[in-house]
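*Asks:* This is the structure I have questions about; it appears just below.
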Amino acid sequence: MAVPRRLPAAAAALALLLVAAAGALPRGADAQLSAGFYSASCPAVHSVVRQVVSQAVMNDSRTGAAVLRLFYHDCFVNGCDASLLLDDTPATPGEKGAGANSGGSTFGFDLIDTIKSQVEAACPGVVSCADILALAARDSVNLLGGPSWAVPLGRRDATFPNATGAGTDLPGPGSDLARLVAAFAAKGLPSRDLAALSGAHTVGMARCLSFRTRAYCDDNVSPASAARMRGACPASGGDDAAAPLDAATPAEFDNGYYRNLVAGAGLLHSDQELFNNGPLDALVRLYSANGAAFSSDFAASMVRLGNVAPLTGSAGEVRLDCRKVNSS
């Protein structure tokens with residue numbers, strides 16, 4: 001159905017954000033991270049991670065989507081430093097229950113624990129939790145049918161979480177395009193990365209609480225999609241009822257997410273904002289028609305996301321348990 005045109009003032013403001021984002025670069029990383037970082041110290045890490053993730057995805061495809069979500073949410077708060085994996089302590093609240101992380105599945109955390117245990121058995125005290133998460137995210141995408149890529153490695157782990165940042169830096173499901181562009185720009189990621197990385201919503205589930213307003217209030221939802229959303233999500237109550245982000249191919253990493261947007265069938269308000277008579281419409285159309293273009297851009301954007309403010313050198317530590325800092 002037709003969607004409303006943006007007001008000129010809003011369009012002008014958004015254009016300024018897009019220009020700012022296009023000129024930004026991820027902090028740190030390229031010179032300090034290397035795909036061969038563990039080639040001498042832990043050459044088995046790639047096969048260990050792949051084997052554990054493969055078994056988990058085979059058992060439940062939602063696990064792959066959960067790990068990918070963890071990687072996004074970790075990198076957006078303090079950079080890719082595994083701070084998200086830290087449990088709460090009496091003195092320091094963690095990120096797991098803050099902001100957009102609240103109500104999330106434990107699938108991903110449990111899987112990272114399993115991988116860490118097996119990596120530690122092969123190479124004690126060598127591979128960081130942040131690097132394990134980056135590798136597991138890549139393997140999750142690939143095992144669900146998506147692209148693969150060389151993951152730059154050499155990150156170290158944070159020694160403290162940032163619960164406040166988790167509450168402010170992660171754009172929520174009700175975000176408009178200006179908010180999304182600004183959030184990505186703050187991490188040095190331009191709007192093309194926003195469009196490509198959002199394609200991760202081709203797998204996984206969303207809680208009713210995150211799409212109820214879209215189901216009952218948005219006017220740019222196709223009638224069939226609105227009916228499906230309302231069938232999965234009552235107007236009140238049932239906040240934890242879940243629906244697939246991509247109803248057509250929920251367990252396949254493909255370009256179905258973009259086809260949904262073109263059809264007015266994005267599950268989240270923030271998803272549909274990418275295709276709403278705005279500056280990213282052309283890119284969404286490209287990805288919806290050309291799966292290879294999406295896969296290529298997604299892989300490149302994941303590398304850039306993984307380069308956001310990593311700890312390297314002597315900063316941070318290599319945690320022995322991803323849920324807690326090492327004892328002094």
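Indices start at 1 and increase along the chain as displayed.
Cβ from N, Cα, C; glycine included.
Please treat TrEMBL annotations as automatic predictions, because they have not gone through curation.
Okay, so TrEMBL annotates it like this:
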{"type": "SIGNAL", "residues": "1-31", "note": "signal peptide"}
{"type": "DOMAIN", "residues": "32-326", "note": "domain 'Plant heme peroxidase family profile'"}
{"type": "DISULFID", "residues": "C42-C123", "note": "disulfide bond"}
{"type": "BINDING", "residues": "D74, V77, G79, D81, S83, E95", "note": "Ca(2+) 1 binding site"}
{"type": "DISULFID", "residues": "C75-C80", "note": "disulfide bond"}
{"type": "DISULFID", "residues": "C129-C322", "note": "disulfide bond"}
{"type": "BINDING", "residues": "P171", "note": "substrate binding site"}
{"type": "BINDING", "residues": "H201", "note": "heme b binding site"}
{"type": "BINDING", "residues": "T202, D246, T249, D254", "note": "Ca(2+) 2 binding site"}
{"type": "DISULFID", "residues": "C208-C233", "note": "disulfide bond"}
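So where do these features actually land, and what's packed around them?
*Replies:* Every protein chain considered, the tally of other Cβ atoms within 10 Å of the Cβ of C42 (disulfide bond) stands at 19.
If you take the C-beta of D74 (Ca(2+) 1 binding site) and look for same-chain residues 6 or more apart in sequence within under 8 angstroms, you find C80, D81, A82, S83, L84, L85, A130, L133.
Taking all protein chains in view, 31 other C-beta atoms sit within 10 angstroms of the C-beta of C80 (disulfide bond).
Proximity of C322 (disulfide bond) to non-local residues of its own chain (separation of 6 or more, Cβ distance below 8 Å) is seen for A82, L85, L86, I112, D113, K116, C129, I132, D157, given in sequence order.
Long-range C-beta contacts of P171 (substrate binding site), restricted to its own chain and to partners at least six residues apart, with a cutoff below 8 Å, comprise A100, R179, L180, A183, S270.
The Cβ of H201 (heme b binding site) has 25 other Cβ atoms within 10 Å, all protein chains considered.
Just so you know, the Cβ of C233 (disulfide bond) picks up 26 other Cβ atoms within 10 Å once every protein chain is counted.
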*Asks:* List, in sequence order, the residues of the same chain other than T202, D246, T249, D254 whose Cβ lies within 8 Å of the centroid of the Cβ atoms of the recorded Ca(2+) 2 site.
*Replies:* V203, A248, P250, E252, F253, N255, G256, Y257
*Asks:* Averaged over the domain 'Plant heme peroxidase family profile' (32-326), what pLDDT does the predicted model reach?
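*Replies:* Result for the domain 'Plant heme peroxidase family profile' (32-326): average pLDDT 96.
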*Asks:* Between S83, T202, T249, which of the binding-site residues has its C-beta surrounded by the fewest other C-beta atoms within 10 Å?
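*Replies:* Ranked by other Cβ atoms within 10 Å, the binding-site residues S83, T202, T249 bottom out at T249.
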*Asks:* State which of the following disulfide-bonded residues has the fewest other Cβ atoms within 10 Å around its Cβ: C75, C129, C208.
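*Replies:* Checked C75, C129, C208; of these disulfide-bonded residues, fewest Cβ neighbours within 10 Å: C208.
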*Asks:* Taking the Cβ of C123 (disulfide bond) as centre, how many other Cβ atoms lie within 10 Å?
*Replies:* 16
*Asks:* For H201 (heme b binding site), which of these recorded positions sit within 10 Å, Cα to Cα: C75, V77, G79, C208, C233, D246?
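*Replies:* The recorded positions passing the 10 Å Cα test are D246.
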*Asks:* If you measure C233 (disulfide bond) to C75 (disulfide bond) at Cα, how many Å is it?
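*Replies:* So the alpha carbons of C233 (disulfide bond) and C75 (disulfide bond) sit roughly 30 Å from each other.
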